[in-house]
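**Student:** Residues or ranges marked as topological domain 'Cytoplasmic' in Swiss-Prot: 1-77, 147-195, 244-298, 359-859, 944-994, 1039-1099, 1156-1484. The transmembrane segment annotation in Swiss-Prot covers 78-98, 123-146, 196-216, 223-243, 299-319, 340-358, 860-880, 923-943, 995-1015, 1018-1038, 1100-1120, 1135-1155 and rests on similarity to another entry. As annotated by Swiss-Prot, domain 'ABC transmembrane type-1 1' applies to 81-365. The domain 'ABC transporter 1' annotation in Swiss-Prot covers 423-646. The feature phosphoserine is assigned by Swiss-Prot to Ser549, Ser660, Ser670, Ser686, Ser700, Ser712, Ser737, Ser791, Ser796, Ser814, Ser1446, Ser1460 (among others). What Swiss-Prot records for 654-832 is region 'Disordered R region'. Among the features that Swiss-Prot reports, ubiquitin cross-link is placed at Lys688, with the record citing similarity to another entry. Per Swiss-Prot, the feature ATP 2 binding site maps to Tyr1221, Gly1246, Arg1247, Thr1248, Gly1249, Ser1250, Gly1251, Lys1252, Ser1253. Here Swiss-Prot flags 1388-1484 as region 'Interaction with GORASP2'.
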Amino acid sequence: MQRSPLERANLFSKLFFSWTKPILKKGYRQHLELSDIYQIPTADSADNLSEKLEREWDRELASKKNPKLINALRRCFFWRFMFYGLLLYLGEVTKAVQPLLLGRIIASYDPDNAHERSIAYYLGIGLCLLFIVRTLLLHPAVFGLHHIGMQMRIALFSLIYKKTLKLSSRVLDKISTGQLVSLLSNNLNKFDEGLALAHFVWIAPLQVMLLMGLLWDLLQASAFCGLAVLVVLVLFQAWLGHRMMKYRDRRAGKINERLVITAEIIENIQSVKAYCWEEAMENMIESLRETELKLTRKAAYMRYFNSSAFFFSGFFVVFLSVLPSMLTKGIVLRKIFTTISFCIVLRMAVTRQFPWAVQMWYDSIGAIYKIQDFLQKEEYKTLEYNLTTTDVVMENVTAFWDEGFGELLVKAKQNDSSRKVSSDDKNLIFSNISLLGPPVLKDISFKIEKGQLLAVAGSTGAGKTSLLMMIMGELEPLEGKIKHSGRISFSPQFSWIMPGTIKENIVFGVSFDEYRYRSVIKACQLEEEISKFAEKDNTVLGEGGITLSGGQRARISLARAVYKDADLYLLDSPFGYLDVLTEKEIFESCVCKLMANKTRILVTSKMEHLKKADKILILHEGSCYFYGAFSELQNLRPDFSSKLMGYDSFDQFSAERRNSILTETLRRFSLDGDAAGSWNETKKQSFKQTGEFGERRKNSILNPLNSIRKFSLVQKAPLQMNCIDETLDEPPERKLSLVPDSEPGEAILPRSNMLNPGPVLRARRRQSVLNLMTRPSIHQGSSLYKKGSASARKMSVAPQSNMSEMDIYSRRLSKDSGLEISEEINEEDLKECFIDDIESTTSVTTWNTYLRYMTIHKKLIFVLMMCLVIFLIEVAASLVGLCLFKDGASRMNSTSNLNHTSTLDWFAVIVTNTSTYYMFYIYVGVADTLLALGFLRGLPLVHSLISVSKILHQKMLHSVLQAPMSTFNTLKTGSILNRFSKDMAILDDLLPLTIFDFIQLLLIVIGAVTVVSALQPYIFLASVPVVIAFVLLRAYFLRTSQQLKQLESEARSPIFTHLITSLKGLWTLRAFGRQTYFEALFHKALNLHTANWFLYLSTLRWFQMRIEMVFVIFFILVTFISILTTGDGEGKVGIVLTLAMNIMGTLQWAVNASIDVDSLMRSVSRVFKFIDMPTEEHRPTHPAKNKDISGVLIIENQHVKREKNWPSGGQMTVQDLTAKYLDGGPAILDNISFSISSGQRVGLLGRTGSGKSTLLFAFLRLLNTEGDIRIDGISWDAVPVQQWRKAFGVIPQKVFIFSGSFRKNLDPYGQWTDQELWKVAEEVGLKSVIEQFPGQLDFVLIDGGYVLSHGHRQLMCLARSVLSKAKILLLDEPSAHLDPITYQVIRKTLKQAFTNCTVILSEHRIEAMLECQRFLVIEENKVRQYESIQKLLNEKSVFKQAISHSDKMKLFPIHRRNSSKRLSRPKITALQEETEEEVQDTRL
């Protein structure tokens, strides 16, 4: 960044913002880069501002029992705030004085006041000076207030972030990520630009009092008639606003529904295409969109009438103000024109400035109190440790994760007089407190000495992770004693990668030791991986390590933990994403050798690990099931395998037990036993969803973290009703959310309290920060080119009879995200608060975009032409009326000099001729007609623009759904979703009304200039250069401002990225003590954004000031042209000066509106880009290499037409297949060929990332491919994409359950009857589950089917495949995250329902391969072997290296008696009781 010219600028340059000229000039001539931005002033640095506010807040906390954040802010910023407020007041006072001078100038042209004609020149000079003074006062004041608002936001940003890093885990469990993001975006954005309005809460009343005093002097009591009109107008606008908010609230729910479905579809686009559901999904979304648009139109009409009421109310205010005076004293032109000027200022103060100021204070005070409450939340308590301790001891520890339990626990401890703390060893000891709810850990005791390895095992939710959190101090024990040295290193279950290089992620701020670093790299098997990167360990990793595979992330996370020199290493399932060979090597070299002298606690379920551990702790439902050595385990606990692997799963419960479990599950999600309204009529069968839907989805839509959640179906804890829900208690303020677009999911969505009518739940489930920290990212398991292709390895979701650990983490069963869904779209700030990915677009919108936008809907051109015609009629009528009135009044003035009385003011002129009154009445009639025409002009325009938005959404949705997968591999998911959320919100809400305002203002200005020029032709000559100056200034500023806005948006992204990253790795940060380092990184991100935002504010003020300076010059010319060229008669000079004075504000408004239109049209440009995306049908398919198959295409096409039941056999031939994820990218599969016979079962083998999933995607034509694949002799070049994919049944890694009923999820096209659906549900084991839900098949699943276990969701996919009656079944690790029982159900179904089908299976488990006849081994992008299992075991292969002796025994039982005799395929009975070894998770 460059040094800012502001530091060496003089007073003149600062006053006129001339120091911004270099950046404006550079932005006009070339594209701006981040290096072109100026450094921020020292006073604006986040370090200084946060330190200042933190000091005052600490002072407030120390001095008072009831601290107030507003007091801390007052001590920091009050005096500067008041100084700029005083400047603003003085600038506004000049507006009230200007009409006085105008009245004197008009009066001087009365023939009776000829002796004052010479004073007119001085009055004109005074009027011009008032404009100059106002310009010099107003702009520095507004800029200063914006600057203070920016500083307040920065200081509060920092304060909130620092507090976030200190919050206790219990508090984090009750605060959603959406709330935190909302605190930093929704609430704090109010300070930036809103602070300039704050002073109008006292300026506007003073101004009204001053204006009413002046009007009283001019019109006496009739002045209050105009004020009464304004009060009525304000009440009318308030009523319109209330009506509009009702429509918007109802519409917000519909927007949520549409965006939920859209987000789910985009996030699962591979599944949508694999199932050929594009048309069904498109119809579903468009149906929701139609309902949404009906409410959008109603809300837009309300806002249109609100805006129009302001524009057209001016005439009635003036007319009713002067009417009583006119009827009693006659028409006095001076009074009329002076009243017009007074009323314009009065109208702005009453209807705009004061309401806006009140709203700003209301919102800001509410935001301050919310931030204050947040800053007073319970903090993470650092336990006191004994550094000389070498052992790790836990004695009789019991702890709770219960939701809403934090405050209860604190109060209980405070009130427990028997609580004692040992002063000897400074360890925490807690006494018994009787509380309801099952503890997550119950009476846990163990002791491990230095250098020992403790293996912690147990089923899902047993309390393994909670045990580690207890040791780290994240979970505070209710009772018991913990003892260790406190020097801890930690590797989380779901690897956390911070943005930075590989080296930075491993060293993580610890002092660098080359030898230790290299040893750790080698032990964690990272040497080969790092050597493949061009930059080696200096390769920069994106947020979450998106460019790495899940295994690579896991190893880097483990290396980070091992590199730190600690006494105790906590390793939470570090091998979850590794293939079995890598896992064995790392366990031996790293855990057993490199860390041999260190105390280690390893969470694992592998038998090999348990055998080598010094001590074993098996947890079951939070209790210690076993503690001791492995040799004791088999003797004392022969049933340990079921506890270890979660064999107590849902499917083993009796029917009565299952029924009670499901009933309890449903009860937790309903306020009462009644059903709520739903998406459609069938949704009445659903449980109560009101108020929960938006909260659940706010953390899943456009999700930068789009997690794979860990649920258990069963939770026995009672529904907590005291969960934090700030949104229920807060005022119904307008909100918006800001999520970084650098995240894979980013956008702002409207949030609604209601998906359907009904009461709001007091305890709405939301995604807690704790949940965010305890589940993987969407990218876990995916590689650089397999973006999102491999799901994270998830824990088994076997339900527990009591609330499990993972249940407690995810007790709200919500999908996660860092996104707050706003209740409605914030009209004022929406366009400012979205970040978008870096675009290589021009700095201004092209004319082609405008032309295409206007011509996409035929009626829009007609409406625009109608607007032009109505405008011409209005201008013509105005000219005729004004001329008649002016001339008539002038003639009467000359003949009525003797008719005035001495009781009137000495310069007043009374017009008593009756014809003049007729002229006035005619003018009133013309004005009423023009008012009606104005309403007629705007309403069709708004309606047509919303219709354009509808058409654009239809076209874009169709294009996206039909786009090839290569498009989705190159685009961020968030970028796509932003088009449907951010840009469609702009097209629906902001753009129509902004275009209307711009056209309305432009026509007003043109009309006023036309009238003034017609009355005084010389003024037209003066207006030409002024118009040219405006156009040039706008073009000059627009190029730079749009680039600065784009840079500012890009700079805003790291702030929220860093927040979410910090939250995800908060436990790691605390374990490593890196809070200060991350605070510094956050301040760096804040400073970067501040530099861009401050420069934008400065250049904006430069432009506004230049616009006003040009107008002041224009007004000076108009004033003196009028004074010098006007003879006797008040009419002409009155009209000219009044219109010229009031053109100023309108013209500035119009220029700003034009800039807003240009900015908003960039959304239209982005939408057009998506509309123009290529479609799959037109994507060329490359022929097989060295093969000319064109000669048989005609025959095959004819065959396809004849064979209606193709494919009939399922025989596949793959020839020279090459597959890539990106055009021009590396080949993931390179020139492979093989064939599969009809009905054959083939297993795919290979290490993680070898290309097994890629091959399945290639079969479905989801990748860029070359070569040929034939099914039953038909080439894929001869069959349309949709028909080709229908030949396959698919069970993907990533289960796709969209928000809809069971029926829709199984049969979105409605092809099957209920009987057929029930038959298939029974066949796959889902019938008993579906029957437990109200409505059964019509029960509505939301949020990815969170009420179902992962196994049940997998069975849904299996049911779809059965219904598809496909001849070829593709299974991509279907058992990766299943409990053993559900896995056996799938095996049974595959065996029975797909007997005659070709099955291609990618698996890690040996058991899953038992039914396969042949195996395809993929290594280094090629097919290495394609043989039977017997041949593979006789040859050197990955399979032979990975398989253990016990695995061979399972595959070949006879081998134990006679190794020379082998079975070609062992017989397996469904749901057989497996032995201890069979239960093991054996992976390849």
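For all residues, glycine too, the Cβ spot is worked out from N, Cα and C.
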**Student:** Select the range from 78-98, 123-146, 299-319, 340-358, 995-1015 that forms the most Cβ-Cβ pairs under 8 Å with the transmembrane segment (1100-1120).
**Tutor:** 123-146
**Student:** Quick check on the recorded positions Ser549, Ser1253: which one has the highest count of other Cβ atoms within 10 Å of its Cβ?
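**Tutor:** Buried the deepest by this measure is Ser1253.
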**Student:** Cα-Cα, whole number of Å: Arg1247 (ATP 2 binding site) versus Ser549 (phosphoserine)?
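**Tutor:** Roughly 12 Å, rounded to the nearest whole number.
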**Student:** For Ser549 (phosphoserine) and Gly1251 (ATP 2 binding site), what Cα-Cα distance in Å is obtained after rounding to a whole number?
**Tutor:** 12
**Student:** Is it the case that the transmembrane segment (196-216) and the transmembrane segment (1018-1038) have 3 or more CB pairs under 8 Å, with pairs at least 6 apart in sequence?
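**Tutor:** No, the stretches stay apart by this measure.
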**Student:** Among 78-98, 223-243, 299-319, 995-1015, 1018-1038, point out the range having the most Cβ pairs under 8 angstroms from the transmembrane segment (340-358).
**Tutor:** 223-243
**Student:** Out of Tyr1221, Arg1247, which has the highest number of nearby Cβ atoms, where nearby means within 10 Å of its Cβ, if these are the binding-site residues?
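**Tutor:** Per the Cβ count, the most surrounded site is Tyr1221.
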**Student:** Count up the helix, strand and coil residues in the topological domain 'Cytoplasmic' (147-195) according to DSSP, in that order.
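**Tutor:** Going through the topological domain 'Cytoplasmic' (147-195) residue by residue, I get 40 helix, 2 strand, 7 coil.
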**Student:** So, in DSSP terms, is Arg1247 (ATP 2 binding site) helix, strand, or coil?
**Tutor:** coil
**Student:** In sequence order, which same-chain residues at least six apart have a C-beta under 8 angstroms from Gly1251 (ATP 2 binding site)?
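**Tutor:** In sequence order, Ala1219, Ile1228, Leu1229, Ile1418, Asn1421 meet the Cβ cut-off.
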**Student:** Averaged across the topological domain 'Cytoplasmic' (359-859), what pLDDT does the model get? Just tell me the whole number, please.
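**Tutor:** Mean model confidence (pLDDT) across the topological domain 'Cytoplasmic' (359-859) is 62.
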**Student:** Please list, for the topological domain 'Cytoplasmic' (244-298), how many residues fall into helix, strand and coil according to DSSP.
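**Tutor:** Output for the topological domain 'Cytoplasmic' (244-298) reads 52 helix, 0 strand, 3 coil.
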**Student:** How many of the residues that make up the topological domain 'Cytoplasmic' (1039-1099) does DSSP mark as helix, as strand and as coil?
**Tutor:** 58 helix, 0 strand, 3 coil
**Student:** Kindly assign Ser1253 (ATP 2 binding site) to one of the three DSSP-derived states: helix, strand or coil.
**Tutor:** helix
**Student:** Quick one: DSSP breakdown of the topological domain 'Cytoplasmic' (1-77) into helix, strand and coil?
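**Tutor:** The composition, in the requested order, is 55 helix, 2 strand, 20 coil.
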**Student:** Per DSSP, what is the helix/strand/coil residue tally across the topological domain 'Cytoplasmic' (944-994)?
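**Tutor:** Tallied per class, the topological domain 'Cytoplasmic' (944-994) gives 47 helix, 0 strand, 4 coil.
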